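The block underneath contains the structure these notes are about, expressed in structure tokens.
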Amino acid sequence: MAAQPSQQYAFRAQKALGLVNGSPDYAPISTFAAPDVPARTHTYSADGRLYAYALPTMVRIFQAEGAQLLQELSLANIVELSFSPRGTYISTWERPVKLEEGVQHKNLRVWSVSTGQELISFSQKSQEGWDLQYTISESHAIRLVGPEIQVFRPAEWAKAVVDKLRVEGATSVTLSPGLNPSIAVFVAEKKGQPASIKIYNLLGLNGPPTCQKTFFKADRAQIKWNTLGTQVLLLTQTEVDNSNKSYYGETGMYLLSAAGNFDCRVTLDKEGPIHDFAWSPNSKEFGVVYGYMPAKAMIFDQRVRAVHDFGTSPHNFISFNPQGRLILLAGFGNLAGKIDVFDRRSLSKASTIDAPNTSHCEWSPDGRFLLTATLSPRLRVDNGIKIWHCSGPLVHVKTIEELYQAGWRPTPVENVPQFPNQLPPAPEPSESVKEWEKTQKKPVTGIKPAGAYRPPGARGLATPAIFKREDEGGLPSRNHSPAGSGANTPSRGYNRSPAPPGAPGYGQYSNGDVVYGKRQVPGAPSGAGGENERRGKKKNKGGKNKEAAGVGEDGADGAHVNGNTNGTPRGKKGGQQQQQPQAAPPPEIVEPASPTTPVADGALDTIAKRVRNLNKKLKAIEELKEKAKRGERLETTQFKKMEGEAGIKKELAELQVQSEDLVSS
């Protein structure tokens, strides 16, 4: 029996390229010599035997176990690399360039790994979907060229195309795994014609499709086959959501059988987009994360019957480990990076991992470890790799500047140890974890949990009953009238006073037909006719010449030109007067009492200002503690600010003593 391949991962950065052994030591492979110039891409073969990277002037192929150099191809400007399933062939792609008129640039080329000989070349303009797709036995390879699907036999590349299928409007094609390969062809919706998916048997392309389905609202699609190649999941998406509920368009999901005996739409019970979906390695069930945040996650069987509901949580990523025993649900991107791991047998949560700023997440081939990486240019800070045990602990950390790619070395499931019945214990963390923890600031303990946001003016006060729900002691609902949900909301009208609710003078505004007093400026003389004076100024705007003459329309003094002596304006016709309801007198303004100790007044003002500034600093420190409690990253200056809390409290106590001494004196 051949020895089991060792666990290994590879990474590519702007200034580094490396192969690293896995558990337990996570030491770099000593026999691998990193290149002197930055690599443009790197990849493993599907069986994990080979590893290759592309430099600006060459491509190097290594044996992954031991990093022994096997082949060096003198190729310039290679951007993409890909191995065939068994590592017999390697494909390279470079950006197309314009050659002499009538000559096409063959920028997609296939090479023999063992001899380094070029076997066939094509012209491929688009980088998306650039590579050929092989069957697992490498007996056939397919390629989409416009509306035509071309079939090749890799053992006979010289014969070129051996079979073809033309599907008008085809935008993508996916070859299934398994011993009886099929191809799924997607045709996007165009000019009112519905989209469709058609499944053909690879060895019978001239016959009718074994299964097909048409539908609308599908500008593009994502196709995933199960491991056996017997069923396919199709995620459709539109560019625009006509209901204006989602910025990213509308999504839909369909399940089809390659044999043609089953197809249906996957009906989801929560409104919103489909974030992610994945097949279980047993090919009998799949998981979907869908709906507006917090999203819902569910497992369905191969007949689209619900198996388990994980409830709602901020997740947008799902993945089964290679053995199908553990299920990962996580929230990446603009979410916090929380990872929940569930045991498929008991459907209970096995662990929770906090991995913020994760750009890439991947199970190890033995299903016991998770690799998370923060990649550039998605994020240009805190780039690096972290490896977690499935039970939760962090076991390895490697920080790398400008990290572009990271991933495990693939290993067939039959070549790794069997996953135990019970969750395996976590190994001891490597030395890198201990060194990394020394550089991290420990979160502040003993802080209050974050609550609902309250504006600064309302903090520390009880919530008015009008703003509470009825089950929280608020006022009973009165929404039986046609007024709707805003019937209980108090109308503030137009309020020029900056006084907050509850402060003296709050509520002095015009509401409906009742006119309250105008804004009172402290220290200014109060006038009973202030409201009428304001009306008089507006009326006098167009009568400056008449005022200058000192004579009104009725021969009276210019002081009463636009109204009678009691301040009521005249009508426009025949000198008739309109009756105006008498304005209510303004409420009496209570002036605060002057200080009894005018000598100490200046000192008290200085102390009060200092106390107010110190209280602001304490309030800012409390907010920083809340952020630390929520797991947010804090700057070094913010940690220093929190360390000064004791000094601020001490100074506040001293100022309190000084103010008491001044008052008593």
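Glycine too: its Cβ is placed from the backbone N, Cα and C atoms.
Small disclaimer: the values here were computed from a predicted structure and weren't measured.
Feature annotation from TrEMBL assigns coiled coil to 604-634. Marked as compositional bias 'Basic and acidic residues' by TrEMBL: 431-440. Annotation comment: TrEMBL describes 478-494 as compositional bias 'Polar residues'. Under the heading domain 'Ig-like', TrEMBL lists 181-275. The annotation region 'Disordered' is assigned in TrEMBL to 416-603.
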Within the domain 'Ig-like' (181-275), how many residues are helix, strand or coil going by DSSP? 3 helix, 45 strand, 47 coil
Going by DSSP assignments with H, G and I as helix and E and B as strand, what are the residue counts for the compositional bias 'Basic and acidic residues' (431-440)? 8 helix, 0 strand, 2 coil
For the coiled coil (604-634), what's the model's average pLDDT? 86
